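Features reported for this protein in Swiss-Prot:
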- 1-401: region 'Carboxyphosphate synthetic domain' (REGION)
- 129, 169, 175, 176, 208, 210, 215, 241, 242, 243, 284, 298: ATP 1 binding site (BINDING)
- 133-327: domain 'ATP-grasp 1' (DOMAIN)
- 284, 298: Mg(2+) 1 binding site (BINDING)
- 284, 298: Mn(2+) 1 binding site (BINDING)
- 298, 300: Mn(2+) 2 binding site (BINDING)
- 298, 300: Mg(2+) 2 binding site (BINDING)
- 402-546: region 'Oligomerization domain' (REGION)
- 547-929: region 'Carbamoyl phosphate synthetic domain' (REGION)
- 671-861: domain 'ATP-grasp 2' (DOMAIN)
- 707, 746, 752, 777, 778, 779, 780, 820, 832: ATP 2 binding site (BINDING)
- 820, 832: Mg(2+) 3 binding site (BINDING)
- 820, 832: Mn(2+) 3 binding site (BINDING)
- 832, 834: Mg(2+) 4 binding site (BINDING)
- 832, 834: Mn(2+) 4 binding site (BINDING)
- 930-1072: domain 'MGS-like' (DOMAIN)
- 930-1072: region 'Allosteric domain' (REGION)
């Protein structure tokens, strides 16, 4: 069937900000889909609220709207643009829910817009638990015994019949939000209540737990002619019971017999046909390891996290083809872009093993509940490819960037058998490592299997790794053993420590003895046809398939897995850098290991190496390719941290030199540079012992900001107000010694300003200055940023521009730099300088129209700013106002404190733009998921130091008609100022108290500032968590509260009594 000619304009709905459960995979699929539709000659309109992505670049679609993904705003765009159709299946859960909402509101019918890809009925059949169950019964496909409930009482009835454990799955939610496994009544009450709250239709499915079955996924495609194929099947190493986004996954499946494989394949194809999906779809199945009994767990009628993984694992571009199918093309008409010879109806074949390991945020959230269940907690993932499972798994472990080079964690060596048993039974993020540790300590595979039901095949593979460790240790210097260990994926780092040598020595020994990897191509067809993809992985074997060309090449290091503090913004900069390298006439080589991103799409660079970002793995590629140099400033801290090791090995680092990178990152050298340039900074010193830290803090005076040097995303930073807090920090947050000093600064309560600039060492061009709404002390990634700045005097702005130019020149920066200033009593101080791409590059590039990463790359390659048409100075400001607002994933992470501070906590960002600050803020807040009702109640409980500021805020809430609720202490200070307030009980009171008000949805906002002494037992922590669990906006910064007030005041009309007319006396009347 040829493509449809009755439609011209297609609206593509993006997936919005990055949250846990919906990360960069939709930037990748959305970008592919838009390009794919444009190739076919359609006019593409895109709406998405996330400014950090390639997808929202103006080149991706014909028209790009960065607006909130709400019914109100999307409807407005549909009425204005009048598209013929919308394609929602590439925008994740957000896109699907949006399509359902638009259809129900009647706007699609009113404007004559049809839904492409997956019909509305199919979305509802797959997402609505009741309809899905009915469909499965019609197809005679088994699902676990289950019951749809709308209330807690209905849940009790079901459990009486079926018994514990049961799994709770809320309808229409993302990444299992609100769901979980219940083993007893207490858990049932908590999880069902939370599930009903999170489901937009107040509906949960309760099903008998089949935890322990094998979890298998099939990624399938179907077209309008009913051709259907399996692109990839995957197996979770973790059995059913852990969310697939939190599971370690291998592809192709490793433990299925042919009969099992075909049985599940047929089921998957039968389901996609019954749903009538045209495009991609993901089917999750549970298989009893001891019989042929299986159950269908769920179906995602859209492109998903698994399809991004399947695309990268096979090389078969699912999203690109799903978009073509949506407009009527069929699989037998579409050429597979990888081989450029075969058609898309050939099922991919793999001659390698792929492993995916999730990347969790627990290194940032020490207190979070680490247990894994049916609710997803990972922020990102890594993928690696090898010729055997052991190699593939160990490469994935190295890719995680947790400073781990092997399947072992030192702190687990102390665990006794009982503790290991507990942690293996109840899965957490370290289970794989604990299993390896248990095998090392002689626990049998049978016992481990009994604890966690992991398949014996996988346990055997882990045992093979442990046996090889013993062999390596027993045969120091044996070349045959070295070769065997390398074939199994062992790192030089591990072998070096076992043989008591340095990593460089092991590398050199291997080189002398010819034990070096070769690079193999990913070609979708197991080398059956010739292939045109420059997409490679390393392994130890015979033939090298990566052909080095005559052209000069430049290598860019990517930023690895998405985690808090290092998000999709860095991938954006990486991709733009690669494009600029190609424009400059070089061959662009990229090294990265994140399957979700645009940068790991083989069509972006000239050569893609899917490898861990460790010194050993990167050096193998450099030895083969011999590039002109390596660019490290776009890969976040990951790449910067490799710079010194690369330079030691004689690799040329392009851009800012290593000495200058160090001058910006090393505290003492940086201070010296600032003093030399005459630029002020907050008083601060470096401590290498606890005693020193105490003395410094006494000298400069509390409050002080403490942090380790060389960090990203403000890890382990804190503001401390007195000595015992400082001691607590030094003991718990950091291990201080001469190599890892701790920085102690005077904390200034000032306005924070952020600047991004491009420097060629001589000229410095400043695209934009951003003002933060939250005062200094809240991490810049968690602050609301505003461009152009709204409250800076001309003098201060001038000072900021001068300082930026002086720093670019003085630090000899070549490429990008990002500076954070604090303005305190009208004086400008420098807090820090980052000599690399920052997380604001995409945002500023889009709003100023200055392609920062592109210009910076060309500067790095030797073309100065003047030659590119840019002068030293500040880019003219726009008359529109742009707001960048952070988005958090607290609902997914139990027991994490939501207070904002110097440690970054947000996972994503959105943008709001309009003609006034108030309107732009409104859009930014709404896009970030904060509802802004014009009336209601606000609970105010603040720390003593904030009482004065809170009075003015309370008065403004009262003026616009909000009802004020406060606990006794805060209420007293409000009453004294004649502000009417209703006193509510503190949370330790038995009677109706503050938490009850939040639980019953009777408060629209909660304003709660931190009382120091961060034990979770504190009232504040419980108030903040309760707000998150109940979807109430909880404001922990009075600056954010003021911003929301500005919006509310601009939306509501004021109501004031008339002025009294003063009585006039006769002689005041003037006669004409």
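Cβ coordinates come from backbone N, Cα and C, glycine included.
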Report the largest Cα to Cα distance, in Å and rounded to a whole number, among the residues 707, 746, 752, 777, 778, 779, 780, 820, 832 that the record lists as binding ATP 2.
18
Could you find out if DSSP has residue 780 (ATP 2 binding site) as helix, strand or coil?
helix
May I ask which of the binding-site residues 129, 242, 778 is closest to residue 834 (Mg(2+) 4 binding site) if we compare their C-alpha atoms?
778
Just how many other Cβ atoms lie inside 10 Å of the Cβ on residue 778 (ATP 2 binding site)?
27
From the binding-site residues 300, 752, 778, 832, pick the residue whose C-alpha lies nearest to the C-alpha of residue 242 (ATP 1 binding site).
300
Which one is it: of the binding-site residues 284, 300, 820, whose Cα lies the shortest distance from the Cα of residue 752 (ATP 2 binding site)?
820
Within the domain 'ATP-grasp 1' (133-327), what mean pLDDT does the predicted structure show?
92
Just how spread out is the ATP 1 site if you go by the largest Cα to Cα distance in Å among 129, 169, 175, 176, 208, 210, 215, 241, 242, 243, 284, 298?
20
Restricting to the same chain and to sequence separations of six or more, state which residues have a Cβ under 8 Å from that of residue 129 (ATP 1 binding site).
146, 148, 169, 171, 203, 204, 205
Least Cβ-crowded entry, counting other Cβ within 10 Å, from the binding-site residues listed as 284, 300, 780:
284
On a C-alpha basis, identify the one among 175, 284, 300, 778 that is nearest to residue 820 (Mg(2+) 3 binding site); the candidates are the binding-site residues.
778
To the nearest Å, how far is the Cα of residue 832 (ATP 2 binding site) from the Cα of residue 175 (ATP 1 binding site)?
36
